[in-house]
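To start, the structure itself, in C-alpha cells.
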Amino acid sequence: MTLHLQKMLFPMLFCVLLGALHVTAQAGCGPPPRVNNGRPDSTNTFFPVNDMVRYQCNSGYAATKNSSLRLQCVANGTWGELNYWCERKTCSPKPIDQGSYTGGISFGDTITYTCDDGYALTGKTYQLTCMADGTWNPVDPPDCQPVSCPEIDLTEKLVFQLSLQYQYGSRVTYSCEAGFSLIGDSFRDCLESGKWSGSKPICKDVKCKTPQWDISHGQAMGERKEAYKYNDIVRYECSARYRAEPSEIHCTESNEWSATVNCVLTGCHSPPLIGNGDVVQPKSEYAMGDSASYKCRKGYRLEGSETAVCRENYQWTQPPTCASVTCGPPATVINGKIKEQAKTPYAYGDRVSYICDDTYHLVGNGEITCQNNGQWSPSPSCALRTTSLPRTEDPLQCSCDKPPAIEHGEGNDKYKSVYACGYTLSYKCKTCYFPVHSEITCQQNGQWSHSPGCVFNATCVIVPVVIIVALIGAMLAFAFFKKIACFAPSGSKTINDPRKNENEIPLNDTMSLKPNDA
C-alpha cells in the first residue's frame, strides 16, 4: 500500500470506530409500536433503555378492560410485549313505548325508530347518533302516539256505540232504531292507517214474506213466521237421497229472498226387487256409481248380470232374474228302469228311484235327486246277481216303496221314499194297543214281508201307590198316587214307544197320577 493511500484511509477508519463507540455508549429503542385506534403519548424516535411510553385511545374509543397502559424499552433495545387495545365506546339503549329501533349503539352508529301498528312518531327526529363521549345526539328519542280516525258521521235512524275515542283499535258498532233493519256492516274498526274499515251502513224498513215452506221432497225447518227481517235465515231439509240447493236462504234488502230452494236427487232409491231372489247386504242409500248384488234363493239360478248399478240419472240398470233350477231327463240305467212316471222338466228337489230287472241288483243309491246346480246326483247301476246273499248282506239288490201306514201306531222310519232290499222297519203302538207283525222287511220282489197293525186287546189295571213324603214332628206326611199298568195278551210281542201325549202310556209302562185323580 502506498504512503499516499494510507494517509487517506486512516482518517476514515478512525471516524467509523469513533461512531461505533458512540452508538455503544448510547443504546436504546426506536419509535414504539402502533396501536389501532390509539397512540403513544410521545412522538420521539429514540428512547433510552428503561424509558416508558404511555398509550391512550383516540376520541370515541376506550381501552379494553385488560389493557396495559404503559410499554417499556428493555436492555436489548427492543420494546416489551404490547398489551393494549382500543374499542369503540357504546351509548346506552333508549327504548320507547309502542315502538322499537334498529341500528347499532356504538360510537358513530345511528339508530332509527319506528312505531308499532296503529301508532305514529311524534317529535323532531326519528334518528339518534352515538357520539364520542357515549351520549346520543339528539338526547331524547321520539314518542309513539295512537293513530286517530275521523269522527263518525251519522245518518237518520242510525245509532252507534264506540269503544275508544276514535283511536286505533277502537270499534264502532251500528244499530238501527226499532222497526228498521241494518243494511251493510254492523261494525267498523279504526285501522293503523287512520281510516275506518268497511263502509257506513244504512237503516231500512225491510220485510220479506214467508217463503215457500213445503217443496218437492223437502220442507223448511224452524218457526214459520208471516214476515221476516233483513238477513233472517230459513233452512231447508230434504228427504233421503235428496239434497237441498241451497240449504238456506236469507231475506235481502230488496224485500226478496236470496234464492229458490230445490231438492235435487243425489242417489238411487232402494234396488229393484226380483222374484225368488234377494239383494246382498242392502244399504239405506245408494250414490251414483254404487252397485247392488243379487243372489237367488235355493232352487233358483241367476240369469243376467248379478249386479245392478245406480246410473247418472239415478236410475238402476236392469237387475237379474231368478229362474227355476231344472234338471234334464235322468240317466238311463242298463238292465234297470225308473219306477216313477217320466216328466219334463224336473224341478230342483225332485227325486226318482231305480229298480233293476230280474236277476240284477242295484249298485249305489237307488234314489237320485235334482240338485241346485241343475245336475242329478250320481245314478246307480244294475249288476248281474251272481249269488243269493242274505238280505242284510246285500241291501241294495232291490227296493221297496214307502211302508204302509197303520192306525193307532207308526213305523220308526217314515221319512224315506225308497227302502233298500233287506231293510227292517219296526212299528210302535199307542197305549193299550199291541202290534201285529211289529217288524216288516223289504224283500227282493220289492214287497214288504207283512202287513203291520195295532189291535186293542190289552188289560189295564190301576195300582194305588203310597209314598212317605216327609216327617213333621211325630207325624208322617203321605202322598197318594195311581199307577196304570197295561199288559199285552200272553204270547204277543210288544214294542214300547215314547208317549205322544200325557194320556198315552205304552205297553209295559206306568204313569203316576196326581192325588186328586185317585
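Glycine is treated like the rest: Cβ placed from N, Cα and C.
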- Cys370: disulphide-linked cysteine among Cys322, Cys327, Cys400 [source: TrEMBL]: Cys327
- Query: Based on what TrEMBL records, which one of Cys208, Cys268, Cys296 is disulphide-bonded to Cys251?
  - Reply: Cys208
- Note on the structure: According to TrEMBL, the cysteine among Cys176, Cys238 that forms a disulfide bond with Cys203 is Cys176
- Task: Return the residues near Cys327 (disulfide bond), defined as same-chain residues 6+ apart in sequence whose C-beta is under 8 angstroms from its C-beta, sorted by sequence, else 'none'.
- Result: Pro345, Tyr346, Ala347, Tyr348, Asp350, Cys370, Gln371, Gly374, Gln375, Trp376
- Task: Could you round the CA separation between Cys251 (disulfide bond) and Cys176 (disulfide bond) to a whole angstrom and send it over?
- Result: 17
- For Cys208 (disulfide bond), the nonlocal same-chain Cβ neighbours (under 8 Å, six or more residues apart) come out as Ala227, Tyr228, Lys229, Asp232, Cys251, Thr252, Asn255, Glu256, Trp257
- Identify which of the disulfide-bonded residues Cys176, Cys251 has its Cβ surrounded by the largest number of other Cβ atoms within 10 Å, counting every protein chain shown. Cys251
- Count the other Cβ atoms sitting within 10 Å of the Cβ of Cys203 (disulfide bond), across every protein chain shown. 21
- Query: Can you give the mean pLDDT for the domain 'Sushi' (89-146), rounded to a whole number?
  - Reply: 90
